[in-house]
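Visitor: Okay, these came from TrEMBL:
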type     : residues  : note
TRANSMEM : A:15-32   : transmembrane segment
TRANSMEM : A:53-74   : transmembrane segment
DOMAIN   : A:119-332 : domain 'ABC transmembrane type-1'
TRANSMEM : A:125-144 : transmembrane segment
TRANSMEM : A:156-176 : transmembrane segment
TRANSMEM : A:206-230 : transmembrane segment
TRANSMEM : A:250-271 : transmembrane segment
TRANSMEM : A:280-300 : transmembrane segment
TRANSMEM : A:312-335 : transmembrane segment
């Protein structure tokens, strides 16, 4: 019996060290098991599914579904009260106020010009950021997928900022970009003039795009890298046998096969881009002026930071943002379904 | 230990019915094997008995008590899964003790039972190991041990040997037979391997398309198949099934030349379409001018026996088993004789024609 | 030396260098500078003294001017290297500066005062880590409190998330029950609703629960993560059904199956979710910013943000506290990098 030959014994349990922690836990679980068994006898094993679902659903209802409804109620009521009972019904007035614009292309012609500045800034930011993000993460993924030394190290280099908190990211760059910062030191040492990066509106926009790419590129690179590594190596070997030039291999083999991942990256970056807040808030505070004010920042300020808290207007703006996100998410689902089918 | 009784057990998934009213009685201590091709419903039937599937109709009783509505955990049965389903994060000991803990046994009783089962199954040295550090045969024995310790009313086996290699399968088969002889117990065993069925079973239940085709002892099924399906399924290589026609009572014509074979035709009228069945080992060679001519297409010599495969006009490929090492060559021609006492005759509905 | 050169030029695939290989290494080299540089600079800067931070152009390493105690002077005096009129160089301590002249003394001979034009002297500097940047804010300001708040939020929230998400995932992967599709749709729906668009009403719910300015206000809303349910369910679906059925045959209750069979086997997925939850919670910003208004309830992120608003000039503390905030994540990354990256690559979540 060849396959019945003994295999070396397993290592002694590592669990012994953890037993200090495990023993009370096991005790607790046995305590829970007692009422659970009684319940199971009462309702039958199949209906225990509802018991297991319950805690999560309570949380979902309390902190997602209920708020979703309240959000809508807020958006059609006015006044300064927080509780719906204190708020008079105003119909579509909040939305009308929000959309009261001379021209949608010119935020300053709008009643609520900050909202439209936010929309316009967020739109510009998202377009720049997503374009650059896709290009750079694709480039990085392709390079990391080449036959290079220390690939793990380089992948880690590009990835680690993903884990940093937005506050840390923003403060790190703020320190570099400030008037007497490292970057200005480099510029002056090369004979240039100091630039007030976060005071000049177009520089500020450039830097928030740059910093958000710096912080999140690693994430998208990983998704693309996974896609690249899923492309069978023999396709490349076949292309090499056919003496296909590298650029043509990239264009005709890599890119089409990577397309599903590309779509995921684009849509995810869009969804995140539209919700941009944290890094920008800390880095520029929406300034100079309103040059980098984002929609989410507007919502936050309207609801919480302004002297007069306007929950109704913030909720209406949230609903508008929600509609945009919903459309983008549907696009993502469609894209990932196509990915599943491919 | 207990008997089992199924009556009118039906199981349907939406519009597709997989079990069409199964009636079966298993007596205490019996070893029953469900056999059939894949998709015949044998595993579904076993899982219905276990309580892992809820049945659509009919009832299941263990020891006379109706258990149709009881969940698996309350039926008191033990099952050995095809994949063994050993808990990968538990040691062999913990795997075997798990059920006993759930049943609320005292620690020393658990220990006694596990040690006893381990001794029986030669697992004593492996009790502290995790399943992944065991060989295939050892895992198989742990799965059986997990069932034994519980001392269940009925043992259920779902193709327990199919994940073992050929050599080990034969060895484990013998051990299983010995185990049953030792501990007794009602066992229900599902397999698609007819050799397992023939060697292990007291009674075999042949299932096909969600229906029972025949129930009987292994030799009953071999010697007196009720229908074409059982005839073709039991026995290896399979029985030669040759289409023919009754030309007069006691005579069937087969092949393009209408060769006449003497055969009990029962009450069939002349002109009825029939299938003549004969096992390869029962076909005999005839004098060249007297039998059905067969052009040999392939000869397999296994040493102790030889198989001849050949064609005859108007007949499917015919298999013939000869003792010893046949001298016949490919391309040669032989004549076949059909000894009457070994012939099986089936009417055009596939039912055996009994006299 | 030769071996080193070979190692440096070796490629996995021995062959001639293609220009794309050179370009690739150049790009990666640039990447190292651009990605690591800022954080390294943050780390170095955080050890500079307040005066050191004001220097322009800044020095690379945390340097500070050397000082000496001289008899007759209460304060330590800064040391300068002075180029004397005869071209020789001396190290002198500065007593005071008058216009473009500095009054200096030789520490070895404190009696004699020397006047030096200020452009003839350069500070003598030494490498010194200003560790008080770290100790002072933790002692004098509420940063210890913030740190504790962050740790508490992260730990408790992760624990709750793991338990309730795994229970839901267990229900959705093991059972067939009426309404399963509806629940799945609800989970998918939740996936589409980030906190950014329900900020106000969640605030209302928290107010109703009386939790404003409590850490539970931060912990609870995000505890039931749809991503976590999905991740765990996906993993649990890969567990052999036979194991569950074997456990049922073994008379285990459904809770025991969950706790003793499924949870131990889902450990890899639980670990991934735990790591992600820790990162989410540690880094969370917008929601705590909205719901925490009292300083003593601030998490580290909010505290840090508030600190930069209040004390624009105190970069030495701010940088040090930024490093403190970054440190746990950096440690997680160093030890679990491979784990995290494969987790992201497999699930596409963040």
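Here the Cβ of each residue, glycine as well, is placed from N, Cα and C on the backbone.
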Visitor: Could you tell me whether the transmembrane segment (A:280-300) and the transmembrane segment (A:250-271) have 3+ CB pairs under 8 A, leaving out pairs under 6 positions apart?
Guide: no
Visitor: Can you work out whether the transmembrane segment (A:312-335) touches the transmembrane segment (A:53-74), with the criterion being 3+ CB pairs under 8 Å where the paired residues are 6 or more apart along the chain?
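Guide: Answer yes, regions in contact.
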Visitor: Determine whether the transmembrane segment (A:206-230) and the transmembrane segment (A:125-144) share at least three Cβ pairs under 8 Å, counting only pairs 6 or more apart in sequence.
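Guide: They do touch: at least three Cβ pairs between the two stretches lie under 8 Å.
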Visitor: Taking a Cβ cut-off under 8 Å, which residues six or more beyond the ends of the transmembrane segment (A:53-74) line up next to it in the same chain?
Guide: 84, 87, 311-312, 314-316, 318-319, 322
Visitor: Which residues of the chain, 6 or more past the ends of the transmembrane segment (A:125-144), have a CB below 8 A from one of its CBs?
Guide: 151, 154-155, 158, 205, 208-209, 212-213, 216-217, 220-225, 227-228, 250, 254, 258, 262, 265-266, 269-270, 273-274, 276, 280, 292, 294
Visitor: Do any residues of this chain, six or more beyond the ends of the transmembrane segment (A:280-300), have a C-beta under 8 angstroms from a C-beta of it, and if so which?
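Guide: Residues 114-115, 117-119, 121-122, 125, 166-167, 170-171, 173-174, 198-201, 204-205, 207-208, 211-212, 274, 314, 317-318, 321 contact the transmembrane segment (A:280-300) from elsewhere in the chain.
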